[in-house]
Amino acid sequence: MFHVSFRYIFGIPPLILVLLPVTSSECHIKDKEGKAYESVLMISIDELDKMTGTDSNCPNNEPNFFRKHVCDDTKEAAFLNRAARKLKQFLKMNISEEFNVHLLTVSQGTQTLVNCTSKEEKNVKEQKKNDACFLKRLLREIKTCWNKILKGSI
């Protein structure tokens with residue numbers, strides 16, 4: 001008898017707990033029409049893209065960040081939130097004051113627009129050697145994700 005109740009109590013519930021998502025961040029995109037994106041964020045992303053130069057000498061290998069975090073149909077806002085947090089690491093590059101202003105505009109503006117209520121579960125790892133190739137790819141992915149969101153809302 002004890003064995004049956006043990007299986008009932010401890011057998012099924014752990015399976016349910018395993019199947020539930022570990023963290024559910026509530027993110028709601030505020031401006032789906034894209035006015036704030038087009039008038040502020042897109043301009044700063046383009047400026048940052050110009051400042052970082054060409055990516056012709058960047059390797060084709062995909063960083064772990066992009067393997068773990070993708071802008072798919074259900075997680076656009078969560079991806080943008082993580083990417084915006086990752087951008088803040090590049091303030092340490094100290095390229096120029098203008099670069100830092102645009103970087104903060106994109107990072108803080110994106111976080112404001114995606115409006116995530118829960119805090120991230122762990123700190124973002126330090127980007128190795130302030131990788132300019134990673135920054136260029138991150139900016140491109142942020143821009144692509146915003147464009148995907150805006151096309152889906154039309």
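Residue positions begin at 1 at the first shown residue.
Here the Cβ of each residue, glycine as well, is placed from N, Cα and C on the backbone.
In the three-state DSSP assignment, the secondary structure recorded for Cys27 (disulfide bond) is strand. For Cys27-Cys145 (among others), the entry in Swiss-Prot reads disulfide bond.
There are 15 other Cβ atoms within 10 Å of the Cβ belonging to Cys133 (disulfide bond). What Swiss-Prot records for Cys58-Cys133 (among others) is disulfide bond, and it gives similarity to another entry as the kind of evidence.
The disulfide bond annotation in Swiss-Prot covers Cys71-Cys116 (among others), and the record cites similarity to another entry as its basis. Just so you know, the Cβ of Cys116 (disulfide bond) picks up 19 other Cβ atoms within 10 Å once every protein chain is counted.
The N-linked glycosylation site feature in Swiss-Prot is assigned to Asn94 (among others).
Annotation source Swiss-Prot lists N-linked glycosylation site at Asn115 (among others). Over all protein chains present, the Cβ of Asn115 (N-linked glycosylation site) has 14 other Cβ atoms lying within 10 Å.
Annotation comment: Swiss-Prot describes 1-25 as signal peptide.
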All-chain count of other Cβ atoms within 10 Å of Cys71 (disulfide bond): 20
Within 10 angstroms of Cys71 (disulfide bond), Cα basis - disulfide-bonded residues out of Cys27, Cys133, Cys145: Cys145
Lowest local Cβ density among Cys27, Cys58, Cys145, which the record lists as disulfide-bonded residues, within 10 Å: Cys58
Distance [Cα-Cα, Å, rounded] between Cys58 (disulfide bond) and Cys27 (disulfide bond): 32
Top Cα neighbour of Asn115 (N-linked glycosylation site) in the set of disulfide-bonded residues Cys27, Cys133, Cys145: Cys27
Rounded Cα separation (Å) that holds between Cys116 (disulfide bond) and Cys145 (disulfide bond): 16
